[in-house]
Amino acid sequence: MAAPKVAVVGAGVIGLSTALCITETCPSCSVTVLSDQFSPNTTSDIAAGMLIPHTYPGTPIHMQKQWFKETFTYLFAISNSAEAAEAGIHLVSGWQVFKNAPKEELPFWSDVVLGFRPMSEAELQKFPQYRFGQAFTTLKCDCPPYLLWLEKRLKATGVQMYTRKVADLWELHSEYNVVVNCAGIGAHQLVGDEKLFPIRGQVLKVHAPWVKNFIRDGDGLTYIYPGIHRVTLGGTREKESWSLSPDPGTTKDIFDRCCSLEPSLQRAQDIKVKVGLRPSRQSVRLQREVLSQGGVKLPVVHNYGHGAGGFSVHRGTAKEAAHLVGECIAALQGSSSRAKL
């Protein structure tokens, strides 16, 4: 068969990195990215981009660890290259603090990040209301630069990108051999996934260049993540809320909570408020499916539902999705060669 045509629907971090992995594992493919929004208008642009995994209850831990490890290794190599500044990737050290010691003192990802250890008594003095903490170094992606860097890489390999609202995956069957669904929260409508729900996140992006260390409350609700140009302060986790309007009361609450962890933030300047809807489900949907209508078949690979943990596992899930695309193409080539016999 001629060069297989693959459409990737969605241009957030999952869509772009999946498209890139497809070009790496299947160089003969012609890949196109279709999305109604590109950076700086995606949910990924709002994310803090910290590599601290969130646990998916419905996904085996060994799989989550594999995805995280692959993502960490990939971004660590970029952070050690001349591309680091343009890609917005850097190492950041800091603390995760708990009011009470967590059930598991060693999270599953503790041997993937760098230098993971319990905090010393002296370090804990910085956080008088907390009794236990973990210190480690991880990676952070500054999201808009990273998305633009991925787009640049894709264009260099000949990937086409079009602004297009896809209302039904089936509308692509006459143009493409395989369709990859990386629509994030859009998959709720696109494929009618009732298991997918939004978790609304409101964050502040502030100018506070003296803040160099990340600080994260162990409950994951309050966090301070320094980037190259701005510090992300969070946050909220509002299940089933579809509102994209910033809430002033929430802004004040986030700012106050972060100042209680890092009082110097009182002097932060130029506060910008951002809201995004995390595409959440019990487990990431990462699987093959064949749609069929009137005897015509369309192979689809789904890769969405990463919730708050998308950046931590994006490269690992993209590699797996690309492998599934390869399986779809092999099956198509097998059936076309059988048809010729």
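Here the Cβ of each residue, glycine as well, is placed from N, Cα and C on the backbone.
Please treat TrEMBL annotations as automatic predictions, because they have not gone through curation.
Keep in mind that this is a model prediction, so the values were computed, not measured.
Going by TrEMBL, these are the annotated features:
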type: SIGNAL; residues: 1-19; note: signal peptide
type: DOMAIN; residues: 5-324; note: domain 'FAD dependent oxidoreductase'
type: BINDING; residues: T43, S44, V166; note: FAD binding site
type: BINDING; residues: Y223, R278; note: D-dopa binding site
Original post:
Listed FAD-binding residues T43, S44, V166 - what's their greatest C-alpha to C-alpha distance in Å?
Top reply: 19
**OP:** Report the member of T43, S44 (the binding-site residues) whose C-beta atom has the most other C-beta atoms within 10 angstroms.
**Re:** S44
Original post:
Counting across all protein chains shown, how many other Cβ atoms sit within 10 Å of the Cβ of R278 (D-dopa binding site)?
Top reply: 24
Subject >> Fewest other Cβ within 10 angstroms of its own Cβ, chosen from the binding-site residues V166, Y223 >> reply: V166
Subject >> Stretch-averaged pLDDT - the domain 'FAD dependent oxidoreductase' (5-324) >> reply: 96
Original post:
What subset of the binding-site residues T43, S44, V166 lies within 10 angstroms of R278 (D-dopa binding site) at the C-alpha level?
Top reply: T43, S44
**OP:** Measuring Cα to Cα, tell me the gap between V166 (FAD binding site) and Y223 (D-dopa binding site) in whole angstrom.
**Re:** 35
